Amino acid sequence: MHIIKPVWLTHGGDRKDYEVYSCDVSPDGKRLVTAAGDGYVRIWSTDAIYNAADPEYADKPKQLASLSNHSGTIHAVRFSHNGKYLASGADDKIVCVYVHEPNPPSHTSTFGTNEPPPVENWRTIRRLIGHDNDVQDLGWSWDSSILVSVGLDSKVVVWSGHTFEKLKTIPSHQSHVKGITFDPANKYFATASDDRTIRIFRFTSPTPNSTAHDQIQNFVLEHTVKAPFVNSPLTTYFRRCSWSPDGTHIAAANAVNGPVSAAAIINRGSWDSDINLIGHEAPVEVCAFSPRLYSFSPPGKNATDNQGNAGPTLVTVIACAGGDKSLSVWITINPRPIVITQDLSAKAISDLAWSPDGKNLFATALDGTILVVRFEDQELGYPMPMEENEKSLTKFGTSRRGAGIVESANGLLLEEMSKAGEIKGVEGRMGALMGDGHPSTDQGVNGTPGDLSRSGAATAGTATPTGTQKPQQNGTPNGTPGDQEKPDPYAAKLERLKQRPTYTKDGKKRIAPLLVSGAGGTQSSLPQSRLVASSASGLAGRSEGPETVLDLSKPFDGLPKGGIAAILFGNKRKFAQMEDGEDNSVEKRVAAASQHGANPVLINEPDGLVPAAQTARELQETPEFIRPAVVNPVMAVSQIRLAVPKVRVHIVQGIDTFGNPTSVSSGLASSSQSKADLTLEARNHSGPSLTGRVTDREPSRVSLTRGDQPLWQDFLPKAVLLVTGNKKFWAAATEDGSVYIWTPAGRRLVSALVLEAQPVLLECRESWLLCITAVGMCYVWNVTTLTSPHPPISLAPVLDAAVHTMTQTPTTVPSIIAARISSQGRIILAVSNGDGYSYNPSLYTWQRLSEPWFAVASQYWNTTDSSVGDLQLARNQTGPDAAISAGIIPFLERNTTDEIVVRGRAYFLQRLIKVLLSKEGFESFEAGASIAHLENRVAAALSLGAKEEFRLYLLMYAKRLGAEGLKMKTEELLEGLIGGIFSEGEEKENSVTGDKGKNSEEGLWECESDTICGWPRRDLLKEVVLALGKHRDLQRITVPYAHLLGILDEDKNEADAMVIT
């Protein structure tokens, strides 16, 4: 055995070497990576280390690269087992992933440092954010399908090894997690924590297209080992454990055997510990099994002899180190270590790493030491080939837990079709992510292209940018002639973006960079923004933002900060106490006034009922408004009061050429705002009365102009509070509770609509007009048909009136953050407690579409499944009804997120959920809440008629049902979707021409119509069956539907056609 410690093998500093916390060896054995307190990840040549004393290697490169992508101390570095990636974790809470580029590095050493120029080109490809505290250790699965990071935030975070998406966060430990190791059979991984436990988690390697929603039943806790760590110290920096190469044992650091420090050997399966490696005087912080199995006979003599007896026993080798600065190496058949090296370093040893051949052991220490222990041949035994490792792991099998058995060939065929569709979908998303232009106009079932002939001879998964296709030799273009002849609508925009100069604060000119990879003219298949204003149809009116439509009215007047305030008065009101005067009893004052025939007016005050009194009038400056609106008498007895807007001198609102609301600013219209085409202006009189009486005021003037040219004007007897309008009509609300409506030409469409109180909100969308009064009544009118879809409705249920009306004192209730109306005349409300509501005119009741409970309990909050497809609306593909109620549900959920974060409710709700998850009986709470959230989304989209969102949420719901294996809900969902697909023509005609008609049946599950929420039921059912087809435990339900829809027959016909050709 030789110990090699080169002088140059350090993380050098100005005064001393930095502490080295971690090391690892690449799978090919040519590179050693180390991480230290200087924030650098350094990659060294192992050949240079082994031959440090050889003069011939003096001029050869020693340090291959140095990476500085962390802002603090780096605690862990690990190569992936396929040799493709390198990961590092540090106290900046970040995990960085690097990849080795074959081309030489383009940069030299950094100016002002002593760093040698890099020899290899390592590039950072991902920065993974998921921890709330220091990252202490990392581990790759043996097939490199997942990366697991652990840290001081007590979290175990699982990342995809393909896309590096966060698949799951496991909050299982109760204290700092300081070690992670993987089972070489790829069945388990174990984590060690300061809560004095090692937890074993069972997992199944996720596929490349797996998302967090597919890993619900994956990464589950198998067992918790506590016995070896009952009195273990909590002062160690690491608890780095290791799994034996034959998969039968775990070497656990920081164990105790009575008062003595030890390394515990945990047996696989029973997860007990009956063996302890005792000998260290301080806690063991790191254990490392050699990756090879060893034999005391040469590999050629390990075969069975003539009598059939087995050859020599295979053994494993383990190295342990810790705070006593010593290193011990053990062989499993010997009760004592074969070697113990003391005072190997001046401080505790932090990490150990074996070379792939099992002959070299690297060690790092907190004093900056980096060394290698080289074992001579036969000193540990004869290293066996890796095939012996594979043979020893075969006894653990490779079956998937819960995968089930395929019961028929049709079930296997359906599973293959389901997985093939998912693979095509993920290839398209990865192509869009990497900058390849994939047209998303022809999306078939499960994300597969609707017309495969357009891709020519390209194979599945081949990224073919449509903007770079070359014509063939015969002059015929690869695509269709129409596609080739059309000019690129993005070419002019890209030309304007190129070399666009910008100027900094100090006047220096800069050229804004342009992303070249995204310069294709095709649409990305990645999810786009869910919330933008409604854009006009046609190319001329398209904005530079996403084309997703929010089917809600845009408010002309911005609501005050915090929304429209509301107060609820209880039913049991008492008289207030009067402090001034001889008699302070309100009851006596009211009784005395009543004796003379008077009917005293009582006003609701915070302390109770008091007689009405004239308020003192003082001269005050009112620059922004004239006065408060006159209080309507009905306000004195109403239990709901909303804040009334003040009377302003000048009210101006405008719309652009497409009828969209826009701000009116003189010459200051920015590029993101279109200039107002029509401007409605209301002017209220602010001077003294011309007759000398207060009640005699000049009328308010309402006028419409286009630019500087007046179109029409009208006069109203009362002050105007609110105005709104679009290309179909204009409306104004006055302080006496009247609403006036004009045609675009200025003709009064109807007589004044008289309401019971002052309007506090006036919104319009297409032909619909929404008005909310100060007493909480909501009115909706169709200006075209002069009808209302429902009677006036109260906001009392939305404002929790059922809870607060029985109190004696007025109660502050949630404020109205947003009140909008959709193109279907549906009222949409968002309140300050985070709830989102919609009024259902068919049920005559409010429906809660979004609530804070789902925000903290559901795993699908503020997320969509990108494998299903985005919500980008293509009018030529989905039809004109695609914009109906689009974006309403994401809009309400976004408001819920904002409100609970701003008001601090999220913290307390998260604490409640965390406590519930640890209680008995709530093991499936998170899964149940997530399914309930998806069901609420599907029901909300169906109720609103949101076509695109209904399909998206329906497929997300189907995928979750398949992951959970819920057979009853799956069967019920398929029965609800089948509808009248296979009913007779006469029976179908009778069901459609019934009392309610086809439109009403589109919002029902159990009906005989061919469509649901604007989608053909057959298409949706086919997509759902394909999404569920990969789950074998549900194939008894899905295979009959696949036969009924002809899915399996289509695949067989395609296969037969391929054979014939």
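Backbone N, Cα and C define each Cβ position, glycine as well.
For 15-54, the entry in Swiss-Prot reads repeat 'WD 1'. When averaged over the repeat 'WD 1' (15-54), pLDDT in the model lands at 92.
What Swiss-Prot records for 69-108 is repeat 'WD 2'.
Here Swiss-Prot flags 130-169 as repeat 'WD 3'. Within the chain carrying the repeat 'WD 3' (130-169), a Cβ under 8 angstroms from the stretch's Cβ atoms is held by residues 75-82, 84-85, 87-91, 93-95, 97, 175-186, 189, 191, 193, 201, 203, 205-206, 208, 210-212, 215, 218-219, 238, 240, 430, all 6 or more beyond its ends.
Residues or ranges marked as repeat 'WD 5' in Swiss-Prot: 233-276. Away from its own ends, the repeat 'WD 5' (233-276) comes close to residues 21, 136-137, 178-185, 190, 192-194, 198, 200, 223, 225, 227, 282-293, 314, 316, 318, 320, 322-323, 332, 348, 350-352, 366, 389, 392-393, 396 of its chain (Cβ-Cβ under 8 Å, at least six residues beyond either end).
Sequence annotations record features per position, and here Swiss-Prot assigns repeat 'WD 6' to 279-340.
Residue counts for the repeat 'WD 7' (344-385) under DSSP (helix as H, G, I; strand as E, B; rest coil) come to 0 helix, 19 strand, 23 coil. Swiss-Prot lists 344-385 with the feature repeat 'WD 7'.
If you look up Swiss-Prot, you'll see 430-488 marked as region 'Disordered'.
Under the heading compositional bias 'Low complexity', Swiss-Prot lists 456-468.
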Counted with DSSP (H/G/I as helix, E/B as strand, rest coil), the repeat 'WD 2' (69-108) has 0 helix, 20 strand, 20 coil
Near the repeat 'WD 7' (344-385), which residues from the same chain, at least 6 beyond its ends, have a CB less than 8 A from one of its CBs? 1-5, 9-11, 16-25, 27-29, 32, 34, 36, 46, 49-50, 237-238, 240, 282, 285-299, 302, 314-315, 317, 319, 321-327, 329, 331, 338
Could you count the residues of the repeat 'WD 3' (130-169) that DSSP puts in helix, in strand and in coil? 0 helix, 21 strand, 19 coil
Within the repeat 'WD 5' (233-276), count helix residues (DSSP H, G, I), strand residues (E, B) and coil residues, in that order. 0 helix, 24 strand, 20 coil
